[in-house]
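Remarks on the structure that follows.
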Amino acid sequence: RHGAGKGEDSFKTSPFHLDLWFYFTLQNWVLDFGRPIAMIILPLEWFPLNKPSAGDYFHMAYNVITPFLLLKLIERSPKTLPRSMVYVSIIMFVMGASIHLVGDSVNHRLIFSGYQHHLSVRENPIIRNLKPETLIDSFELLYYYDEYLGHSMWYIPFFLILFIYFTGCFTPVAEESRMPVAALLLVGPSSLYYWYLVTEGQIFILYIFTFFAMMALVMHQKRKGLVLDSNGLFLFYSFIITLLLIAGWVAWLWNDKILRKKYPGVIYIPEPWAFYTLHMNNLHAAKESL
């Protein structure tokens, strides 16, 4: 397949990859979104604070399964794609996700000690009283590896691979530009996960640039008489719905003064876990006091 010429690539088509997109959606929800939830709801005595949590094992599985699924997705592309770029992206993805595993593990375990994600590292009550004060710098370094370096090395390759795959999702056959029922059923859960990925990962700039690149490519290919196939439509519509979900999330929390303080920049997109520690934790505490 990868030895085919460019002319032949232009007329190849792919059926909707129900198995891959289903596995992607399932493992994203269980292994990524579900890992902090598993860490919180499972008994603490099963996973002591000085040992990896259940969420850490979820993360380890995610770091192995996701690169495999991305490679399988690239293999099914009807177009010859740049292998070197794909392999380097996969390597960076694994490195970034592994860095994030360590930082995220410690940061989420700090919740049990009273750490509040809606506050900065230095503003957290359990951090600001540490002695010597250089320990605070160490926690800020941990936060940097988790939220900045880890996220960048994780998400940039992830979105790059999706875009590389997207470039091969065009067909000259208009009848193939439709989504099957299975795709329509998966587009909702897929979009909701991307909303979580963008908001919790604080990667709106990366997401929106990828989305704009997709739109530009669609318009460029349309002038050539090419349209998106079912897989391309699935990705494109997932990104569109994700943008609508992000807009609704921001509008809902637009007047939240505390979250505004933590996210003071021009782009205001609160993290779901910051919302949880600010509002839902207080709700749980109020119920327990009754």
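Quick reminder: no glycine exception, Cβ is built from N, Cα and C everywhere.
TrEMBL does not curate its annotations; it predicts them automatically.
According to TrEMBL, the protein carries these features:
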type	residues	note
TRANSMEM	20-42	transmembrane segment
TRANSMEM	57-74	transmembrane segment
TRANSMEM	86-103	transmembrane segment
TRANSMEM	154-174	transmembrane segment
TRANSMEM	181-197	transmembrane segment
TRANSMEM	203-220	transmembrane segment
TRANSMEM	232-254	transmembrane segment
Long-range Cβ neighbours of the transmembrane segment (203-220) (under 8 Å; 6 or more residues past either end): 151, 155-156, 159, 162-163, 166-167, 194, 197, 228, 235-236, 239-240, 242-243, 246, 267, 269
The transmembrane segment (57-74) and the transmembrane segment (154-174) contact flag, 3+ Cβ pairs under 8 angstroms: yes
Interface-richest range of 20-42, 154-174, 181-197, 232-254 toward the transmembrane segment (86-103), CB pairs under 8 Å: 154-174
Long-range neighbours of the transmembrane segment (154-174), counting only residues six or more past its ends (CB under 8 A): 9-11, 13-14, 66, 70, 73-74, 77-79, 81-82, 85-86, 88-90, 92-93, 96-97, 99-100, 197, 201, 203, 206-207, 210, 213-214, 217, 221, 225-229, 231-233, 235-236
Chain residues outside the transmembrane segment (232-254) and at least six past its termini with a C-beta under 8 angstroms from it: 16, 21, 162, 165-166, 169-170, 177-179, 183, 186-188, 190-192, 194-195, 198-199, 204, 207-208, 210-211, 214, 218, 268-270, 275
